Amino acid sequence: MKCSSTHAKTYPTRKRPRENGPHAKTATRKGPRENGHAKTARPFHDLMELFKMSGKSPDTNYLFMGDYVDRGYYSVETVSLLVCLKVRYLERVTILRGNHESRQITQVYGFYDEYLFDYFPLTALVDGQIFCLHGGLSPSIDSLDHIRSLERLQEVPHEGPMCDLLWSNPDDRGGWGISPRGAGYTFGQDISETFNHANGISLISRAHQLVMEGYNWCHDRNVVTVFSAPNYCYRCGNQAAMVELDDELNYSFLQQGTAPGTDRQTDDHRLTDHQADDL
């Protein structure tokens, strides 16, 4: 597949979600039959390989959990394709916001958009059972209704519940902890179990951290991390994964390596000083 674009062609596509955005919800509800993709800062060709594996829209529903740009090439092509799919198949494609969908991050890593990402929902709920988001939980949030009441049409703040949803990580230690990344929190199994029980959900599906097999269970299967960028930054050697759900919410994981011809190196200014397992 060849992909070419000009500013004149791309701008109207970018504008339409912004016009419709305020009517969308901060937390969205989705039915079953979803394919969930996590951190998608990946070469465009790898994204196309995932579509080949799991089917094209609108035959397959898709839910993407953030981080569509930076730390790789083809960011414009990747995010433009996802936005086009969202515009074309409004009820079939859900695009959540990740911590990279902010001015602070995109200015550093080479992709900057002042408005578009502000309108992306922060979370999604699949069939009332699977809670999807980019990062993790917040000590300021104990209910889904609280998330629905958040004002998302803003830059990602440096602290507070919106920041936590995009930056927090699960941890082996119980309770809340200070995140070593300077934003969000770490949260233990007791926190996950309490949140899931209080809100009547069975699983938290999130992204935000590299896992070598593409997905990783924790907190006694109350939380799963899904990472959809193979060979992250062209050097980590990890697999990508996505979650496939059927009508009964039975899930399976599809794994994928790097697409042929996408082994180029990332420019130094797009790399992070963090360790590979803490993104």
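From the backbone N, Cα and C atoms, a Cβ is placed for every residue, glycine too.
Summarising the annotation, TrEMBL assigns compositional bias 'Basic and acidic residues' to 264-279.
Within the chain carrying the domain 'Serine/threonine specific protein phosphatases' (96-101), a Cβ under 8 angstroms from the stretch's Cβ atoms is held by residues 39, 41, 63-70, 109, 117, 120-124, 132-135, 152, 156, 166-167, 183, 207-208, all 6 or more beyond its ends. Summarising the annotation, TrEMBL assigns domain 'Serine/threonine specific protein phosphatases' to 96-101.
Summarising the annotation, TrEMBL assigns region 'Disordered' to 1-39 (among others).
The feature region 'Disordered' is assigned by TrEMBL to 255-279 (among others).
With helix defined as DSSP H, G or I and strand as E or B, the domain 'Serine/threonine specific protein phosphatases' (96-101) counts 0 helix, 0 strand, 6 coil.
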